[in-house]
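Asks: Okay, here's the structure, questions in a sec.
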Amino acid sequence: MDLGNSGNDSVVTKFVLLGLTETAALQPILFVIFLLAYVTTIGGTLSILAAILMETKLHSPMYFFLGNLSLPDVGCVSVTVPAMLSHFISNDRSIPYKACLSELFFFHLLAGADCFLLTIMAYDRYLAICQSLTYSSRMSWGIQQALVGMSCVFSFTNALTQTVALSPLNFCGPNVINHFYCDLPQPFQLSCSSVHLNGQLLFVAAAFMGVAPLVLITVSYAHVAAAVLRIRSAEGRKKAFSTCSSHLTVVGIFYGTGVFSYTRLGSVESSDKDKGIGILNTVISPMLNPLIYWTSLLDVGCISHCSSDAGVSPGPPVQSSLCCLQFTALLSPPPGWGGLSPLNSHGL
């Protein structure tokens, strides 16, 4: 245990992450597996972004939000996996206290953005299918940017609040965390200070960023399902369902793992179940998301060929913002991105 002295108390200056396993024979195998998972996630996500930028059929609000959703997926896996890989090939599994706080902040920042963007995408599907006549005015370019900006502000506020609330806690006993990355509520179990306020803040965050978005997503898709079932055309029903099925799959994986993780606040100690759920939440889910959305893109025939349609007036440059990060396409301004191109008159 690495301790520093402050007066008569021993203060923890580092934590020790036990990681996935302490079995030396398994570590090289796990290193290769998670390295491949990391490369697959980065490659798949960049492919999705490239397709959205270059294919005019994808210049609709739904894929604008998908492009923004891809960024926190890359961020989440980049916050956790590289450090885990280094632990597989190093005997030093310690992490400085401040580095632990930084990891926790960025993870909650990116995971929070995921929560809000998934909710926005459900609302977008509701407008596109249930309010199609007014969709273009209700989901204008300005509104798209405002929604993404709000998701950044809310997720940043929550991440900063949780991190600032954790920083004054005293850790004067064991410093071993039975996990492979720093996240709540594991540090609570090691604190020799009261964590009552921290528990309340985490509960409020879970309600605001977990329960409320999940309720909104459920209500949105209840209306969508009712509207789709009223469509007489089999092709129309298939197209509507295809634009929603991939998103519902991602929502199920994301919230399924998140609910399990943050309902274990009362557990006495971390278990291997927490590590398994952590792997699903931080590695498997971001890796599957590009594969799921690629399947959806293929289903709607958006990736099979480059659009050859002409005569569409150019809109604003392709811009995507997430948590104050923006990228601008090094291409000519795409047709119709400001609202909807003729190929996406109903956001589909």
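Along the chain as shown, the residues are counted starting at 1.
Glycine is treated like the rest: Cβ placed from N, Cα and C.
As listed in Swiss-Prot for this protein:
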TOPO_DOM  1-28  topological domain 'Extracellular'
CARBOHYD  N8  N-linked glycosylation site
TRANSMEM  29-52  transmembrane segment
TOPO_DOM  53-60  topological domain 'Cytoplasmic'
TRANSMEM  61-82  transmembrane segment
TOPO_DOM  83-103  topological domain 'Extracellular'
DISULFID  C100-C192  disulfide bond
TRANSMEM  104-123  transmembrane segment
TOPO_DOM  124-143  topological domain 'Cytoplasmic'
TRANSMEM  144-161  transmembrane segment
TOPO_DOM  162-199  topological domain 'Extracellular'
TRANSMEM  200-222  transmembrane segment
TOPO_DOM  223-239  topological domain 'Cytoplasmic'
TRANSMEM  240-262  transmembrane segment
TOPO_DOM  263-275  topological domain 'Extracellular'
TRANSMEM  276-295  transmembrane segment
TOPO_DOM  296-348  topological domain 'Cytoplasmic'
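Could you place these features in context, so I can see how deep they sit and what lies close by?
Replies: In the predicted model, residues of the topological domain 'Cytoplasmic' (53-60) average a pLDDT of 83.
Residues 34, 37-38, 41-42, 45, 48-49, 52-53, 103, 106-107, 109-111, 113-114, 117-118, 120-121, 124-125, 128, 139, 144, 147-148, 151, 180-181, 243, 278, 282-283, 285-287, 289-290, 293, 320-323, 325, 337, 340, 347-348 of the same chain lie 6+ residues outside the transmembrane segment (61-82) yet bring a C-beta within less than 8 angstroms of a C-beta in it.
Within the chain carrying the topological domain 'Extracellular' (83-103), a Cβ under 8 angstroms from the stretch's Cβ atoms is held by residues 2, 12-20, 27-28, 30-31, 34-35, 38, 163, 166-167, 171, 180-183, 187, all 6 or more beyond its ends.
According to its DSSP assignment, C192 (disulfide bond) is coil. Counting only same-chain residues six or more apart in sequence, the Cβ atoms lying under 8 angstroms from the Cβ of C192 (disulfide bond) belong to N170, F171, C172, G173.
Residues of the same chain lying 6 or more positions beyond the ends of the transmembrane segment (104-123) and with a Cβ under 8 Å from any Cβ of it are 62, 65-66, 68-69, 71-73, 75-76, 79-80, 147-148, 150-152, 154-156, 158-160, 162-163, 166, 181-184, 187, 209-210, 213, 216-217, 220-221, 247, 250-251, 254, 258, 282, 322-323.
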Asks: Can you check which residues sit near C100 (disulfide bond), meaning Cβ under 8 Å from its Cβ, same chain, 6 or more apart in sequence, and list them in order?
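Replies: Long-range Cβ contacts: F15, C182, P187.
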Asks: Based on DSSP, tally up the residues of the topological domain 'Extracellular' (83-103) by helix, strand and coil.
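Replies: Counts, helix then strand then coil: 13 helix, 3 strand, 5 coil.
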Asks: Do any residues of this chain, six or more beyond the ends of the transmembrane segment (276-295), have a C-beta under 8 angstroms from a C-beta of it, and if so which?
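Replies: That would be 20, 34, 37-38, 40-41, 44-45, 47-48, 66, 69-70, 73-74, 76-77, 79-81, 107, 179-181, 183, 246, 249-250, 253-254, 257-258, 260-261, 303.
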Asks: When the topological domain 'Extracellular' (162-199) is classified with DSSP, how many of its residues are helical, how many are strand and how many are coil?
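Replies: Split into helix, strand and coil, the topological domain 'Extracellular' (162-199) gives 14 helix, 2 strand, 22 coil.
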Asks: For a three-state summary based on DSSP, what are the helix, strand and coil counts in the topological domain 'Cytoplasmic' (223-239)?
Replies: 13 helix, 0 strand, 4 coil
